[in-house]
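Report on the following structure.
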Amino acid sequence: MSLETFASSRALSLGVELEMQLVSTHDYDLAASAEDLLRVMARKDVPGDVKPEMTCSMIEVSTGICNDYAQVAEELEALRAALTAAARKLNIGICGGGTHAFQDWSERRIFDKPRFHYLSDLYGYLAKQFTVFGQHVHIGCPGPDAALYLLHGMSRYIPHLIALSASSPYVQGKDTGFESARLNSVFAFPLSGRAPFVESWSEFEAYFAKMSDTGVVQSMKDFYWDIRPKPEYGTIEVRVMDTPLTVSRAAAIAAYIQAIARYLMIERPIRLSEDDYLVYTFNRFQACRFGFAGAYVHPETHEQRSVADEIEASFARIEQHAIELGCDEVLGELLKQVRERRNDTAWLRERHGAGMSLPELVMDQCARWMGGGAM
Amino acid sequence: MDQLIWPAWPLPLGALLPVAVALVLTALAGEAGRRIGLPRVSGYALAGIVLGPLALGWFDTNDLASYRLVVDFTIALILFELGIRLDLRWLVTNRWVVAASAGEMALTFVLTYGALSLVGTGTDVALAVAAIAVGTSPVILTHVTDELRAAGPTTDRLLALCALNVAVSLILLKLLVGVLHSVHAGWQLALLHPLYLLLGPLLAGALIAAAYLGLRRLVDPNSEQGLAALIALLLAAIALLSALRLPTLLAPLIAGAFIKWYDPRPHLWPQQIGTVGGVLVIVTFMLSGAAVSAGELFAGAGVGLLAVLVRALAKLGGAMAFGPVSGLDLRKSLALGVGLMPLSILALLQAEDVRLLYPEFGDRLLPIVVAMVVVLGLLGPIATRRALVRVREHRRGDQS
């Protein structure tokens, strides 16, 4: 099977997908209610889309193609309001967070759809254990080669995005010590990690053809890379973020990605090199484990500093672009939180640390997401 | 030689040993049921019938009377838990759930009454059976959903409708029996008695809820002390309510719902109560066959089966008619109707209580209820379990 051609898309257009948790309002454990929520949502007139995901206690909501932060925020807010109304009717709790704090993976069941059953047969328990919840952001690219430049350039910002979105310290009822433990579930898949270092689309097509000939992959969907090109949309898709606890934070992170993309596309500040990836997995691990406090090794200078400092420096570089895109104000708020070392994992740990039980914590997560508060 | 230090022959074991053997047999019957893929409660119910006058005759109605407190307490505990799961906020948000419940109950009452009147049971028996048929077994429903760790929209509705069914059935039967036996001589009584029956449990429920929330501040409900406090609270409530001639079982249910309303945090059932409750459920089922004798079963079989059939049609029809507007699809609405089938020891107790007050009337009522409970106590749990597995709301059991 050959790779589809890279569709054209408006440069820097934006699309956001959020995988959400569906929980019971009795015990706040995950509950199989996706089908019912989807049925109720199908009758509503909302922007974007609501789709099933791998297991019956998750759904994916996505915005349409947006121009800027304001539009993303507006569409996500409309989706949140509609989902909340439907969920209240059905007695379901909806919340953000990269993992559910105490669910037992063996109790999950696969959503009844051929692709999900195929994946479940192939991956076995990994498929159920993959009940984790991420935010994906699509960025429109003017052409396929530009997409690959953006992909490799953006991969330097993976630790930043992990630390900003981290919201999964708890897995199976225990604090993992990680700021984002969700990504550990993703790494278990054989085709996870990063895209190969190729700079032109023809090289990428050749790589895909070789992989496809081995029979290991059939489509781009089989790759679980941190960032992957999506030829049918003409975008690159950034997939490392945990689903934040609020839609406002999800919108702010999307705005940050758009501003970085504009900076990369217009200034072309980086000379790409395969050696950039020498520090990639180390940096990513540090961000997952320690969040803002993690170490970040610069791919060229090999200078080490904290992820928080690195994020702060990046805000200075992209400031002009943020102003052009109209998202400087929200990025300012995000930066303020970075300076205070605040992310959703910190919010969760504060509560559980003060003695709140995990079911109560999930209840608060639901109130926070469904209530539509500030990030 | 002093004879008192040596055992007498035959050994004077008294009543304890048979109870012990019966208890283990009931437990094993549940395990046997599980191994062939049936709900444990079906095994318990079968054991209860075998141990009763129908086959082995180890227990009879006198035993039921002497163990009555244990059975009442078990059901009170279960209704309290069921009440905590009844989220009144949700019922306010989605009024269609209440409409579905009301529709299903009205249909059950009217159809059962109509069918029984047609076959000539007499108006009084037809009304009483109809009131009991409105109910659904809380013991079976909570046991089956716990066994499957079921969760989802069908399960939520099943438990909510069960709670409402129990409440309405208890009040309805008390009222009807009062009316039928013209306790309400004079209009003042006719007005006051229903009011007393409604407001009494509400007030008692509010008191229990307040006491529980107060105790929760003093002791951790997950500790031994918390468990003891909860048990004491329910026992006190039962004592007080029986003295006030109010339905003892309604107040714990109402108390649970008030607690969830006042404090929506997850009230997770302490592990220890789960264990204690599990054992009590086995004891309850062990005794559940005590009222089932061959004579009664055969006397009531014909009408009982008719009532079972009509009740099944009414519950299914009600659930399917009102389920979809409340946000369930047709398949899950069907599962909801099927899930509401079980009828068990609570129904027997309702009939038995009527007999205690009005022996002649009770003797005509009990056989029909016994026949219904035999069928729906054995097959009802299987129906509920299959319905929940069918809509894939089980978190334990076969996984796919």
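Cβ coordinates come from backbone N, Cα and C, glycine included.
These come from TrEMBL:
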type	residues	note
TRANSMEM	B:6-29	transmembrane segment
DOMAIN	B:25-386	domain 'Cation/H+ exchanger transmembrane'
TRANSMEM	B:41-59	transmembrane segment
TRANSMEM	B:65-84	transmembrane segment
TRANSMEM	B:96-119	transmembrane segment
TRANSMEM	B:125-146	transmembrane segment
TRANSMEM	B:158-183	transmembrane segment
TRANSMEM	B:195-215	transmembrane segment
TRANSMEM	B:227-259	transmembrane segment
TRANSMEM	B:279-312	transmembrane segment
TRANSMEM	B:364-383	transmembrane segment
Query raised in the report: If you count Cβ pairs under 8 Å, which stretch among B:6-29, B:65-84, B:125-146, B:158-183 touches the transmembrane segment (B:364-383) the most?
Result: B:125-146
Query raised in the report: Do the transmembrane segment (B:41-59) and the transmembrane segment (B:279-312) share at least 3 Cβ pairs closer than 8 Å, excluding pairs fewer than 6 residues apart in sequence?
Result: yes
Report summary line: Residues outside the transmembrane segment (B:125-146) whose C-beta sits under 8 Å from one of its C-beta atoms, at least 6 past its ends, are 39-41, 74-75, 78-79, 81-82, 105, 108-110, 112-113, 116-117, 155, 158-159, 161-163, 165-166, 168-170, 172-173, 176-177, 180, 274, 281, 284, 303, 307, 310-311, 314, 339-347, 350-351, 354, 361, 364-365, 368-369, 372, 376-377, 380-381, 384-385, 388
